[in-house]
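Engineer: The structure that follows is given in the form of structure tokens.
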């Protein structure tokens with residue numbers, strides 16, 4: 001099948017669902033994610049045999065209500081960029097529904113309570129919604145299903161947010177999630193739906209019935225939600241299914257680019273035209289079906305002579321997404337270090353692969369060798385991370401003194417998105433590279449500010465990048481100086497997101513504190529006044545991080561991962577006593593000068 005047919009093929013029907021549609025009755029389509037018309041099995045089933053269809057979205061106050069105490073404008077859990085992206089997605093969905101003879105019904109309140117009230121008021125016989133693996137939605141679903149079961153209401157909740165059903169993969173693996181990408185691929189195989197055409201359009205929908213006394217509104221604006229007039233730079237990425245499909249078409253129309261896509265390659269400093277699809281926020285909200293995306297990629301691969309393969313290919317990135325969803329679904333406390341029983345293969349396989357032995361500094365080699373040879377498996381590593389609110393604020397507010405890091409954090413705050421290698425850089429800097437702060441603190445910042453923040457993927461990546469689980473080559477550190485310079489020697493990315501440094505010569509743009517005073521005056525940027533001095537010195541800080549991780553790994557191995565809080569506290573005290581005093585003194589001096 002040609003790609004153009006994949007993008008514009010007429011409506012087709014999927015195989016009939018074994019569940020029989022209720023006849024002559026009403027249905028509720030409960031939108032949470034899955035904010036789309038194409039490839040939406042729940043919407044398709046809700047419309048079959050129904051006289052009336054109620055498409056409902058509930059404005060969840062814990063996600064949408066303003067929180068004046070938060071470190072950036074937005075709710076308790078989400079920054080305004082993501083809230084705005086969601087509202088745009090809802091508006092686009094409402095427009096699409098109206099073209100089909102329906103509309104989106106917006107209500108507000110605790111989702112389970114609102115939905116149960118609607119079920120009672122409208123007397124429907126079917127409730128349909130896309131299955132969600134996040135703990136928050138799993139808890140909501142239990143409450144709603146308790147009511148529907150007692151009321152005799154049919155529930156249809158298909159898996160369509162991911163390529164595979166995580167529960168099926170876990171079942172095939174003996175009740176435990178696969179903990180390596182390769183084992184996941186082996187278990188998953190090809191998606192069962194791939195041989196059948198996906199329903200990519202709907203010609204019409206049943207009308208909306210009488211809403212009774214239920215409070216229903218149109219899609220609200222930012223101002224309607226209580227945010228008033230907000231002055232901030234908004235993300236350049238617009239929400240909605242229409243924009244998602246447009247971006248998808250643009251991406252897959254370049255067959256050569258798709259065929260040669262190879263992660264982790266890519267330039268993280270490109271921002272006018274990013275070096276990736278920027279489809280992640282649309283996948284997060286379900287404005288784009290991952291299954292449709294995957295099918296379109298397969299059509300490209302069939303029509304090129306050669307292409308990259310998982311894990312580095314573009315299709316491989318969708319499989320990574322499913323891998324993290326599966327591990328997260330099958331791992332209690334996946335979003336935290338404490339109580340997370342995640343296990344990993346033996347350390348020998350990654351410390352002593354050919355080419356990696358040289359990465360281990362001689363001062364740590366003996367302890368790592370003993371650790372690798374003796375350890376049969378590794379729980380998620382319990383690490384005594386530092387707790388320094390001032391350092392965290394410097395990282396979050398883009399004033400670390402390292403322009404590459406600060407520019408990325410400005411892009412995060414203003415755009416709600418940055419390239420995956422940029423994310424790797426700032427996550428490494430916060431945790432195992434320089435600051436040695438807890439990955440959960442960084443995770444919380446990303447969770448709030450990213451428009452594509454996804455519970456499973458965000459937590460999985462922070463576990464990975466902090467070397468707390470999945471990945472343990474903690475000697476492989478992203479330099480906050482040389483890494484960005486490799487891609488952008490002129491510093492154009494820095495000049496755009498940190499205009500205070502726009503006139504700094506390229507020789508000093510990544511290390512402005514090394515510029516002579518005359519150069520700083522000419523560039524109108526005095527380090528320590530107009531732009532902060534470094535909050536840590538990378539060479540000594542990264543050395544300290546490696547030492548601390550080596551000792552933490554050794555203690556985890558010795559105690560078989562069963563560290564108590566007392567063990568962690570004792571290790572933290574020991575590491576603090578052994579810390580190199582010079583960088584500590586330098587940092588104390590900077591604190592007195594308030595990072596100047």
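Yeah, the Cβs are placed from backbone N, Cα and C, and that goes for glycine too.
Sharing the feature lines straight out of TrEMBL:
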- 25-163: domain 'Photolyase/cryptochrome alpha/beta' (DOMAIN)
- 276-280, 317-324, 452-454: FAD binding site (BINDING)
- 385: site 'Electron transfer via tryptophanyl radical' (SITE)
- 439: site 'Electron transfer via tryptophanyl radical' (SITE)
- 462: site 'Electron transfer via tryptophanyl radical' (SITE)
- 574-596: region 'Disordered' (REGION)
- 574-585: compositional bias 'Basic and acidic residues' (COMPBIAS)
- 586-596: compositional bias 'Basic residues' (COMPBIAS)
Engineer: Measuring CA to CA, name the entry from the recorded sites 385, 439, 462 that ends up nearest residue 280 (FAD binding site).
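Structural biologist: Result for residue 280 (FAD binding site): the nearest of the recorded sites is 462.
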Engineer: How many neighbouring Cβ atoms, not counting its own, are there within 10 Å of the Cβ of residue 278 (FAD binding site)?
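Structural biologist: Total other Cβ atoms inside 10 Å, all chains included: 18.
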Engineer: When DSSP states are grouped into helix, strand and coil, how many residues of the domain 'Photolyase/cryptochrome alpha/beta' (25-163) land in each?
Structural biologist: 60 helix, 29 strand, 50 coil
Engineer: If you count the C-beta atoms lying within 10 Å of each candidate's C-beta, which of the recorded positions 320, 439, 462 ends up with the smallest number?
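Structural biologist: If we count Cβ atoms within 10 Å for the recorded positions 320, 439, 462, the smallest count is at 320.
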Engineer: Given residue 324 (FAD binding site) and residue 462 (site 'Electron transfer via tryptophanyl radical'), what distance in Å do their CA atoms have, once rounded to a whole number?
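Structural biologist: That separation, Cα to Cα, works out to 12 Å.
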Engineer: Work out how many Å separate residue 276 (FAD binding site) and residue 462 (site 'Electron transfer via tryptophanyl radical') at their Cα atoms, rounded off.
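Structural biologist: Answer for this pair: 20 Å between alpha carbons.
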Engineer: Rounded to a whole number, how many Å is the Cα of residue 385 (site 'Electron transfer via tryptophanyl radical') away from the Cα of residue 439 (site 'Electron transfer via tryptophanyl radical')?
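Structural biologist: The separation of the Cα atoms works out to 8 Å.
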Engineer: Considering only the recorded positions 320, 453, 462, which residue has the minimal Cα-Cα separation from residue 439 (site 'Electron transfer via tryptophanyl radical')?
Structural biologist: 462
Engineer: Of all the recorded positions given, 324, 385, which has the fewest Cβ neighbours within 10 Å once its own Cβ is left out?
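Structural biologist: With the recorded positions 324, 385, fewest surrounding Cβ atoms within 10 Å: 385.
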Engineer: Looking at Cβ-Cβ distances, which residues of the chain lie under 8 angstroms from residue 318 (FAD binding site) while being 6 or more apart from it?
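Structural biologist: In sequence order, 163, 290, 293, 294, 297 meet the Cβ cut-off.
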Engineer: C-alpha of residue 278 (FAD binding site) to C-alpha of residue 462 (site 'Electron transfer via tryptophanyl radical'): distance in Å?
Structural biologist: 20
